[in-house]
Amino acid sequence: IPLAIKHPSNTCEKYTHTIKQLLKGHKLTKTLIFTIYSNIIGSGIFVSPKGVMENASSVGIALIVWIITGIITAIGALCYAELGVTIPKSGGDYSYVKDIFGGLAGFLRLWIAVLVIYPTNQAVIALTFSNYVLQPLFPTCFPPENGLRLLAAVCLLLLTWVNCSSVRWATRVQDIFTAGKLLALALIIIMGIVQICKGEYYWLEPANAFEPFKDYDVGLIALAFLQGSFAYGGWNFLNYVTEELVDPYVNLPRAIYISIPLVTFVYVFANIAYVTAMTPQELLASNAVAVTFGEKLLGVMAWIMPISVALSTFGGVNGSLFTSSRLFFAGAREGHLPSLLAMIHVKRCTPIPALLFTCLSTLLMLCTSDMYTLINYVGFINYLFYGVTVAGQIVLRIKQPDMHRPIKISLIWPVIYLIFWAFLLIFSLYSEPVVCGIGLAIMLTGVPVYFLGVYWDNKPQCFDAFVDHMYSPLLLNCSITNQYLT
């Protein structure tokens with residue numbers, strides 16, 4: 001059976017139309033709010049509290065980190081909203097950086113997303129899923145690392161198959177498994193309120209909340225922000241499908257104004273709930289914070305928590321796979337990735353090669369099960385390009401002041417974002433020079449790839465013959481498919 005066809009226009013239009021229909025609804029703004037909300041809330045709130053607490057050094061600073069990260073996320077989302085309607089292309093910050101700073105900068109954004117950001121993000125979410133499934137089976141110790149990796153790989157392979165099979169199936173999985181995260185967070189927040197009503201708020205009293213369990217360090221606090229920012233990841237999801245949104249000038253900012261403050265509220269109160277049932281030391285000793293929380297407060301019903309979180313993270317892996325394939329599709333359409341990654345199945349209208357590629361690269365990331373190192377790794381690179389993109393907004397205002405901007409925000413917001421961005425990157429690099437340095441080194445490997453593969457027009461025949469040979473089996477399938485369609 002032919003696997004895919006090299007994106008003829010009618011197939012591309014059918015693919016785009018399929019996604020557009022799935023994003024429509026009778027109450028469109030509510031649909032977009034739910035889309036942002038469900039894409040932000042994934043594994044982060046169930047894995048990042050430990051990393052934030054460990055680096056913040058006290059409960060009070062940890063809660064401040066969660067609040068400030070939510071505010072900065074909202075500012076970044078507003079900057080992206082202006083860019084999204086000014087440069088109305090799918091592909092998110094890749095498209096914006098490419099149009100503002102040129103092909104090389106855009107290619108490096110795409111390169112690091114393909115090699116680091118999406119594979120690492122999916123690996124962390126899949127490992128979180130494994131932790132919450134296996135932790136109840138190992139109540140007195142941590143689950144074995146090989147077991148975590150194996151279960152994470154099974155989760156990833158299953159969801160890749162779902163996304164390859166049908167766009168509609170993928171969105172149905174997202175809708176169904178979102179219920180898991182809502183149930184888990186509702187339980188955590190309600191039980192936290194009950195604990196406060198009982199007087200269990202020792203660690204929330206100012207005298208105790210800011211009592212450090214280790215010395216404060218500005219570099220570690222920067223890492224706490226990186227850990228927290230991972231939990232807010234997904235806020236720019238709609239920028240990857242801007243071309244498919246209906247009336248984005250009205251609905252995009254409205255969805256941001258409502259969804260991100262709502263997520264910030266949920267995250268802060270979830271962390272307040274955690275410390276009403278656990279000491280900071282108990283929280284740091286747990287690899288599955290919500291499971292430990294459930295065991296302390298839910299008694300015989302404690303099994304609800306790991307199941308709810310597992311459902312949530314399962315849906316998180318699915319959402320990340322869906323988004324990454326859209327980015328690869330946009331990159332291949334611009335000629336910055338092999339055309340292989342823009343191929344779409346003739347009947348299923350799914351980007352199978354892009355999905356298989358991201359699945360393989362994520363499986364490679366599962367060589368390590370240290371989630372917190374992976375989070376620092378992806379957080380640093382993500383924020384690097386978030387800042388470049390927001391800086392591009394200021395550059396575009398200076399270069400093209402009369403450009404039509406359906407949404408136009410005050411320049412004070414991108415300036416505030418960039419000040420925070422500079423603090424975060426400088427002190428993160430100081431605290432984790434190896435992790436951040438490796439990320440920068442991988443990004444720079446994209447420079448020769450760009451000049452060889454994209455910028456160099458008059459390539460010798462032997463170079464093109466070698467590239468054709470690398471994926472000639474799939475091109476043969478495409479030829480067979482074209483003959484069949486004819």
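All residue numbers here begin at 1 and follow the chain in the order shown.
Placed from the backbone N, Cα and C atoms, the Cβ positions cover glycine too.
Look at TrEMBL and you will find 28-47 (among others) tagged as transmembrane segment.
According to TrEMBL, the transmembrane segment annotation covers 59-85 (among others).
Summarising the annotation, TrEMBL assigns transmembrane segment to 106-130 (among others). Beyond the transmembrane segment (106-130), the same-chain residues lying 6 or more positions past its ends with a Cβ under 8 Å from any Cβ of the stretch are 42-43, 46-47, 93-95, 97-99, 143, 147-149, 151-153, 155-156, 230, 233, 309-310, 313-314, 316-317, 320-321, 323-324, 327-328, 331, 334, 336-337, 357-358, 361-362, 364-366, 369, 371, 374-375, 377-378, 381-382, 385, 388, 439, 442-447, 449-450, 454.
Sequence annotations record features per position, and here TrEMBL assigns transmembrane segment to 150-170 (among others).
Taken from TrEMBL, the feature transmembrane segment covers 182-204 (among others).
Within its own chain, the transmembrane segment (216-235) has Cβ neighbours under 8 Å at 36, 39-40, 42, 44-45, 47-48, 51-58, 61-62, 65-66, 68-70, 72-73, 76-77, 121, 124, 256, 260, 263, 267, 319, 323, 372, 375-376, 378-380, 382-383, 423-424, 426-428, 430-432, counting only residues six or more beyond its boundaries. The transmembrane segment feature in TrEMBL is assigned to 216-235 (among others).
Per TrEMBL, the feature transmembrane segment maps to 256-277 (among others). Tertiary neighbourhood of the transmembrane segment (256-277): same-chain residues 32-33, 36-37, 40-41, 45, 49, 52, 59, 62-63, 66-67, 70-71, 73-74, 77-78, 81, 185, 188-189, 191-193, 195-196, 200-201, 203-204, 231-232, 235, 283, 289, 293, 296-297, selected by CB-CB distance under 8 Å and a gap of 6+ residues from either end.
What TrEMBL lists as transmembrane segment is 297-317 (among others). Sequence-distant neighbours of the transmembrane segment (297-317) (same chain, 6+ residues past either end, Cβ-Cβ under 8 Å): 38, 41-43, 46, 122, 125-126, 128-129, 132-133, 135-136, 155-156, 159, 173-174, 176-181, 183-184, 187-188, 191, 195, 277, 288, 290-291.
When Cβ-Cβ distances below 8 Å are used as the criterion, the transmembrane segment (352-374) is approached by residues 3-4, 47, 50-51, 54, 114-115, 118-120, 122-124, 126-128, 145, 148-149, 152-153, 156-157, 160, 163-164, 227, 321, 324-325, 328-329, 332, 340-345, 435, 474 of the same chain, each at least six residues removed from its ends. The transmembrane segment annotation in TrEMBL covers 352-374 (among others).
The transmembrane segment annotation in TrEMBL covers 380-398 (among others). A Cβ distance under 8 Å defines the sequence-distant neighbours of the transmembrane segment (380-398), meaning residues of its chain 6+ beyond its ends; these are 76, 79-80, 82-83, 86, 93, 96-97, 100-101, 105, 109, 112, 116-117, 226, 229, 233, 411, 414-415, 417-418, 421-422, 424-425, 428-429, 432, 435-436, 439-440, 443.
If you look up TrEMBL, you'll see 410-431 (among others) marked as transmembrane segment.
What TrEMBL records for 437-456 (among others) is transmembrane segment.
Within its own chain, the transmembrane segment (410-431) has Cβ neighbours under 8 Å at 68, 72, 75-76, 78-79, 217-223, 225-226, 376, 379-380, 383-384, 386-387, 390-391, 393-394, 397, 437, counting only residues six or more beyond its boundaries. Outside the transmembrane segment (59-85), and at least 6 residues removed from its termini, the chain residues within Cβ reach (under 8 Å) are 49, 52-53, 92-93, 96, 203-204, 206, 208-210, 216, 221, 224-225, 228-229, 231-232, 235-236, 238-239, 242, 248-249, 252-253, 256, 260-261, 263-264, 267-268, 271-272, 275, 280, 386, 389-390, 392-393, 396, 405-409, 413-414, 416-417, 420.
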